[in-house]
Amino acid sequence: MVLSEVDIAKADPAAASHPVLLNGDANVAQKNLGSVAENNLCSQYEEKVRPCIDLIDSLRALGVEQDLALPAIAVIGDQSSGKSSVLEALSGVALPRGSGIVTRCPLVLKLKKLVNEDKWRGKVSYQDYEIEISDASEVEKEINKAQNTIAGEGMGISHELITLEISSRDVPDLTLIDLPGITRVAVGNQPADIGYKIKTLIKKYIQRQETISLVVVPSNVDIATTEALSMAQEVDPEGDRTIGILTKPDLVDKGTEDKVVDVVRNLVFHLKKGYMIVKCRGQQEIQDQLSLSEALQREKIFFEDHPYFRDLLEEGKATVPCLAEKLTSELITHICKSLPLLENQIRESHQRITEELQKYGVDVPEDENEKMFFLIDKINAFNQDITALIQGEETVGEEDIRLFTRLRHEFHKWSIIIENNFQEGHKILSRKIQKFENQYRGRGLPGFVNYRTFETIVKQQIKALEEPAVDMLHTVTDMVRLAFTDVSIKNFEEFFNLHRTAKSKIEDIRAEQEREGEKLIRLHFQMEQIVYCQDQVYRGALQKVREKELEEEKKKKSWDFGAFQSSSATDSSMEEIFQHLMAYHQEASKRISSHIPLIIQFFMLQTYGQQLQKAMLQLLQDKDTYSWLLKERGDTSDKRKFLKERLARLTQARRRLAQFPG
């Protein structure tokens, strides 16, 4: 709440004749106020304004602006629109002036009204530099120095912030961000793309929902043609957080004053927050070294005497003091409106950073004994995750699949390969049987089953499965290796030597286990070349095949052996061999479909994981390598420190928001 003349008049009518100046030496006017009125106003101020301002100031002091946008007012306008003059009038200090681009870096102007102090204080800070200022006349020089340091001494601009803090009895409680004036064409030493760069910088600020756009427009131009208002409308089409400020009313052409009044009364280009009109120091007044306090007095007289604009003064829409009051009121309202969203953002950021910090773990201890315990914890966590993988109990996200589930899919594919291999087309199998009958039957009489034919076909069909089994071994091995590597990344990512060592162990053990697994798979298929099955098991399987054939014959769905009708004895021999093949296939497929996955699981999951766990524990035996293994990536420590600082800021911010009376 800015102490306006209206407020003072209500508190003490006798004081109404003494204007309260926001800039320059206002002490004389302040001393003339009655003590009762002053106490009353201070009480109102403390109750309504200070809690909101102090909350945001405290969050800003914590550095929360590094994490989240806080409510503020951004001042934008076309070049030479009078932005600097408005800011000077509000802050009471002279800011850089001149031709071309004067504001080359975003200037955060933090104004804090002192209630019980008379001393003026200022501070300029940028990058790692900070300087206290005790004389308002030094501000312009320090701002120019800051801009030259950040953006160079040419005409370029920078996104880097300069912060000017002013504490005084004569300023309103506001946070303003002064942005470079919009230019369309590069002139002189300006970069060719200066216009684009400035617009990009401005949009970065005004698109934030937490920012009120204060659009400065000269009164003597067509408001519809101003770039600044167009940019504000682009990011705030409803005009919910845009305020229009008309400047230079003394330069309005005669006969057009009523159009200016219509603009201020929101009848031309509608903004929900409306418009204000102010008259700041002109160029001649600046050259004549007119003080800011005197300029405010002249402004008041100008509007009081103006035949068109005096009504705007009576409506509270004219003069810098009224503007200051409106801006403070708007900022307070905006703060209160933004607090629920800000609270949610802080809570969500706090949770996100907490989770991110957990990935970086705690700092590596300096003490050697502590390093050993630290490394033990790291390796134990890794080994526990490997155990979870082996047992099929690892934690996965909603969209992820457990390793064992993926392995089961591969084993299911293997059973399909076996089934497809054994279930050849009956005509193809019949031709194969006839070939072996003609090739190997010898002197046996027709109708007798040739065991050599049966055995040869069985061996060939089983042999055909050997390479697919080895391929499955390689596929599963890659899946397990990648899963183990992911566990290493999860646990050791920030310790590149430890992660690299774990990857080396993973690869070495993989190669060894894969060789052993392949050796046993090939041994199994060598054993499968011995055609064997328990007698009672085989008899049972053969009986089932024959019963099934008999049932199908009854239903007139017997196998088609029409191509081999040379004799009933040949038919009988063919069918007999076919039945034996089907019976043996059933039993052999049971063995192979289960035994090969068991071999792969044993070597490439169980033993692989256990050997890896032992190898990682062996790292603890060499104490001289602890420091090397626990060496972090160059930015890990800095990142952890950065996250801790952010977390501390957000924790304090949550606490202060919780304590805010609301």
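Backbone N, Cα and C define each Cβ position, glycine as well.
Fair warning: this is a prediction, and the values are worked out from it, not measured in the lab.
Swiss-Prot annotations:
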type    : residues                : note
MOD_RES : Met1                    : N-acetylmethionine
DOMAIN  : 67-340                  : domain 'Dynamin-type G'
REGION  : 77-84                   : region 'G1 motif'
BINDING : 77-84, 178-182, 247-250 : GTP binding site
REGION  : 178-181                 : region 'G3 motif'
REGION  : 247-250                 : region 'G4 motif'
REGION  : 279-282                 : region 'G5 motif'
REGION  : 341-366                 : region 'Bundle signaling element (BSE)'
REGION  : 366-533                 : region 'Middle domain'
REGION  : 367-632                 : region 'Stalk'
REGION  : 554-557                 : region 'Critical for lipid-binding'
DOMAIN  : 574-662                 : domain 'GED'
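Within the chain carrying the region 'G3 motif' (178-181), a Cβ under 8 angstroms from the stretch's Cβ atoms is held by residues 74-81, 83-84, 87, 95, 101-104, 106-107, 109, 157, 198, 201-202, 205, all 6 or more beyond its ends. When Cβ neighbours within 10 Å are tallied across all protein chains shown, the highest count among the binding-site residues Gly77, Pro249 belongs to Gly77.
When the neighbouring Cβ atoms lying within 10 Å are counted for each of the binding-site residues (Ser80, Leu179), the highest count belongs to Leu179.
Long-range C-beta contacts of Lys83 (GTP binding site), restricted to its own chain and to partners at least six residues apart, with a cutoff below 8 Å, comprise Val75, Ile76, Gly77, Thr103, Asp178, Gly181, Val216. Counting only residues at least six positions away in the same chain, the Cβ atoms of Ile76, Gly77, Asp78, Gln79, Gly195, Ile198, Lys199, Ile202, Glu227, Ala228, Met231 sit under 8 Å from the Cβ of Ile182 (GTP binding site). Taking H, G and I as helix, E and B as strand and the rest as coil, DSSP gives the region 'G5 motif' (279-282) the counts 0 helix, 0 strand, 4 coil. The DSSP secondary structure for Lys83 (GTP binding site) is helix. DSSP gives Pro249 (GTP binding site) a helix state.
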